[in-house]
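First up is the structure itself, then whatever we jot down about it.
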Amino acid sequence: MENNSASGYWKATLGLLTKILIIWFVVSFGAGILFAPALNSISLGGYPLGFWFAHQGAIYIYIALIFWYAKKMGDIDRQFDVHEE
Amino acid sequence: MDLQTVTYLVVGASFALYIGIAIWARAGSTSEFYAAGGSVHPITNGMATAADWMSAASFISMAGLIANMGYGGGLFLMGWTGGYVLLAMLLAPYLRKFGKFTVPQFIGDRFYSKTASTVAVVCLLTASLTYIIGQMTGVGVAFSRFLGVSSDTGIYIGQAIVFLYAVFGGMKGITYTQVAQYIVLIAAYLVPAFFISLQLTGNPLPQLGLGSTMAGTDVSLLAKLDLIVKDLGFDQYTTSIPGSTLNMFMYTLSLMIGTAGLPHVIMRFFTVPTVKDARSSAGWALIFIALLYTTAPAVGAMAKLNLHGTVNSAVGLETNAAGKLAVNPATVKANADLYATESSLQYEQRPEWMKRWEKTGLLKFEDKNGDGRIQYYNDKTKDADAKAKAAAAGWKGNELTVNADIMVMANPEIALLPNWVIALVAAGGLAAALSTAAGLLMAISSAVSHDLVKNVFAPSISDKNELLVGKISMAVAIVISGYLGLNPPGFAAGTVALAFGIAASSLFPAIMMGIFSKKMNKEGAIAGMLAGLFVTLFYVFAHKGIFFVKGTEFIDLIGGPNSFFGITPEAFGAVGAMVNFIVAVVVDKVTKEPPEHIQHMVESVRIPRGSKLVDGAH
């Protein structure tokens, strides 16, 4: 594999990681902690929304993030032809 | 059959199953012993990781702490699941590609230094041992109640059983045993939660029940709980936080980073066949973990409501004709007076489960105003209303003390569920504690036998002797942790949180920089690990005693408890991790670059192609 595609692959990987980490941070520390008091004025069923993020919602989003990451990385692997045989 | 007999039967049957599997899957080679020969399917691995991960802290202790902490308890929920995102993206696939089976091995090779791997072994041992202490506390709680023995005896029995199958099974045995343990523990957690959610809200799914109205009323369960605890002088359930928002932030971050840095969890990702599997494996693990973690907040809130409802009839719960705890819609809607004399339960009429737990000493009643009734409220409240009401009612202080660690175990009893459910919870609690302890012992034994003895002291050691050293180090770890578990530094979940802080501050930054920074050299990594570990241990030991030995605290030296911006020792790991990163980068800048071949190695670790089966060669 030539150097160009190696650095391109790593750049694409880091780009994906950055996107996911931003969502991860906003959900956990934004919605779940820093803005939870503000979100609590909205209710989701019987849940105040900020409370729901900290006790339920964040966890569902983490699962989605990991599978999304696994799928996207598979795409990037193939695009740069570095996937396992 | 009485409760005791049913409990012996269910717990005995589950143990027979685990030991049977451990014998059936006995490991032959070193590779099988430590990495199950790299042959485990991602879903199987996910389930085993979930069992490995969900310890006594998750199963026994966490929901009780959430019940006490309310909204703030979310830091455990997010902290212990959010770390999987970091693990899946930042570490697991790269460590799998690297293709060795221990964390110190990676650090030693990447930083081309036996000193680095020895420092990593020290970090690993400190974190893992602290973690096992928490497990032993949990084992003690579980046995003390259900086998009718003292908490100390419970710890001894637990030590013996953990030793048996960790030593004879190895990683492959442990993987399949842990699948069985996962099934037992998740059933034990969900079954009572279904029943209780159904009783209180009419909706059997706890995740939805917690956001529903109470059965037969249009009163939201959380709103009712808020109202009751606030009236009794506690913090409002859906908004209370531990200390400051900053502390909650750092606490959550510590647990997340620690999750990704704990060697016994990382090791699991060496056992999947490919890099691709390593990525999705973390997702499968998290699905299995989330089943428990999204149920836990409902268990906590509902156990709290049931406990208040049991000792105070004005809450609106009553024992129905079938002997179950049920909602009385009229009382719930009327918001009856919690401070009325008749509302407090008479001690003589307390339910059987209270009597059973009183024997363990984990639940205590003291009749401070001598009226023969149980008054359960927050007597240290700053709420003037609650104070005035308590004084007017002639209450002379809180009379009921409930240890947070018993909430989950007592939960099915509080809700008056059938005996087989109560027995199942006992089996589940033990499965959780034992599976995690076994996984941790694996990590400890491989670190000592492989990374310390084989790598540093006796490179020519035979396979057979290496395994023997591993088994001896397991035995030593069990004895030490059992000893410290007799006198634990806090609730199971709190002790475990300390272990996460230690892993967060020492191992995670070193591994991450090893992958993401090609130029990070051995001087930087070693200095970073030592600095992170040192500041974290210093802060923790100042609060909890040197190596958690009571009486050796030096809190005055750091200017009183939580003196660093109000951050508690459990939350300090995130600060330690930052120190680690900063020291590493600064030292790296003033020392020379890593050699060319190491930089090439980092490049090859970053791409999936060419992954091979894990082996132990150096």
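Even glycines carry a Cβ here, placed using N, Cα and C.
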Message: Among the residue ranges B:50-68, B:468-486, I'd like the one that TrEMBL describes as transmembrane segment.
response: B:468-486
Segment proximity, the transmembrane segment (B:116-133) to the transmembrane segment (B:492-512), 3 or more C-beta pairs under 8 Å: yes
Message: Checking distant contacts: for the transmembrane segment (B:116-133), what same-chain residues at least six beyond its ends satisfy Cβ-Cβ under 8 A?
response: 55, 103-105, 107-110, 258, 261-264, 436-437, 440-441, 443-444, 447-448, 451-452, 455-456, 477-478, 480-481, 484-485, 488-489, 495-496, 498-500, 502-503, 506-507, 510, 522, 525-526, 529-530, 533, 537, 548
Interface present between the transmembrane segment (B:282-303) and the transmembrane segment (B:73-95) (three or more C-beta pairs under 8 A): yes
